[in-house]
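Asker: One structure is given below, represented as structure tokens, and several questions about it will come after.
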Amino acid sequence: MTDNKSQKVITLMGPTASGKTALAIELVKQYNCEIISVDSALIYKEMDIGTAKPDAAEQAAAPHRLIDIIDPAKSYSAADFRRDALAQIEDILSRGKTPLLVGGTMMYFKALLEGLSPLPAADEVVRAQIACEAQEFGWQALHDQLREIDPVSAERIHPNDPQRLARALEVYRISGQSLTELTKTKSEAFPYEAVQFAIAPSDRKVLHRAIETRFKTMLTLGFTAEVERLKARGDLDLDLPSMRCVGYRQCWQYLDGEIDYETMVEKAIVATRQLAKRQLTWLRGWPDLIWLESGAEDNLATVMRHSR
């Protein structure tokens, strides 16, 4: 890929419920740009309400690329995102417009801007073997294995995160090298100039209230029925990345009778707040960010001024 630092892209990062979408739509109206979604929940079809997917009016005003691109039963990696995002960026730039990358999935932003390590492709035989071992011995035993071969990854990956735990073991068994060793090598650099913004309220209580209000609004819009439809498909379960999106797991547990309605609401709001906290932690360590206050009247002008 040709390196062309004279061509700009804009990134707009932020925690969930911080006002990213509203600002992005205003930018599309005022600035010659097109939106690329950077969100690991919005990629899924049939998951509209619980992911706060832009509605028909918002999509008409400002079409979003890389949403509704895969089925909830399928997987989609950071490497898949990087490939697809670079293709979308190139297409937008070729038509004389500015790509506007908007979202809160920091792993996707990191993969896009910093590159990825050359990890081995998935091996179904190895994966099946790991799954059998997990069924026989439990994920804790496999986590103990990981701790012996890759203590750094074991510290980062929880025993109750089977997808990432299995992947770390799979990488080692295929390559003979730990995930930590392999991630020291990165793929090619991002070939464009990135003007980077982050939006969040300075008062965390404001964000917490926004999260609570938004989830309760989702419920009135039919979120429970949405999860019921997904559950009724019969090919989805709580171990899939799609069903680990905040809110979906808790609603699924409610529909299974594991928790009552009030507990579901409380757990979903808490899980969303925890997600926002993790996103803010990433952002505080992110270099070269221009910070915006959620709801500030001059946000649009600030972005346009720095992006010219």
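We number each residue from 1, going along the chain as drawn.
Using the three backbone atoms N, Cα and C, a Cβ is placed for every residue, glycine included.
I grabbed these lines from Swiss-Prot:
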BINDING   Gly14, Pro15, Thr16, Ala17, Ser18, Gly19, Lys20, Thr21  ATP binding site
BINDING   Thr16, Ala17, Ser18, Gly19, Lys20, Thr21  substrate binding site
REGION    39-42  region 'Interaction with substrate tRNA'
REGION    163-167  region 'Interaction with substrate tRNA'
REGION    244-249  region 'Interaction with substrate tRNA'
SITE      Thr105  site 'Interaction with substrate tRNA'
SITE      Arg127  site 'Interaction with substrate tRNA'
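Can you tell me where each of these features sits in the structure?
Answerer: Residue environment of Thr16 (ATP binding site) contains 22 other Cβ atoms, counted within 10 Å of its Cβ in all protein chains. Thr16 (ATP binding site) falls within neither a helix nor a strand when secondary structure is assigned with DSSP, and so counts as coil.
With a cut-off of 8 Å between CB atoms and residues at least 6 apart in sequence, the same chain places Ile199, Ser294, Gly295 near Gly19 (ATP binding site), listed in sequence order.
Sorting each residue of the region 'Interaction with substrate tRNA' (39-42) by its DSSP state yields 0 helix, 0 strand, 4 coil.
When averaged over the region 'Interaction with substrate tRNA' (163-167), pLDDT in the model lands at 94.
Helix, strand and coil residue tallies for the region 'Interaction with substrate tRNA' (244-249), in that order: 3 helix, 0 strand, 3 coil [DSSP].
Secondary structure from DSSP puts Thr105 (site 'Interaction with substrate tRNA') in coil.
Secondary structure from DSSP puts Arg127 (site 'Interaction with substrate tRNA') in a helix. All protein chains included, Arg127 (site 'Interaction with substrate tRNA') registers 15 other Cβ atoms within 10 Å of its own Cβ.
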Asker: For the recorded substrate site formed by Thr16, Ala17, Ser18, Gly19, Lys20, Thr21, which further same-chain residues have Cβ atoms within 8 Å of the site's Cβ center?
Answerer: Gly14, Pro15, Ala22, Gly104, Ile199, Ala210, Ser294
Asker: Counting Cβ atoms within 10 Å across all protein chains shown, which of the recorded positions Ser18, Thr21, Thr105 comes out on top?
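Answerer: The residue with the densest Cβ neighbourhood is Ser18.
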Asker: Please report the three-state DSSP label of Thr21 (ATP binding site).
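Answerer: Helix, per DSSP.
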Asker: Are there any residues in the same chain, six or more apart in sequence, whose C-beta is under 8 angstroms from the C-beta of Lys20 (ATP binding site), and if so which?
Answerer: Leu12, Met13, Gly14, Val102, Gly103, Gly104, Ile199
Asker: How many other Cβ atoms sit within 10 Å of the Cβ of Pro15 (ATP binding site)?
Answerer: 29
Asker: Using the Cβ centroid of Gly14, Pro15, Thr16, Ala17, Ser18, Gly19, Lys20, Thr21 as the reference point for the ATP site, which residues of the same chain not in that list have Cβ within 8 Å?
Answerer: Gly104, Ile199, Ala200, Ser294
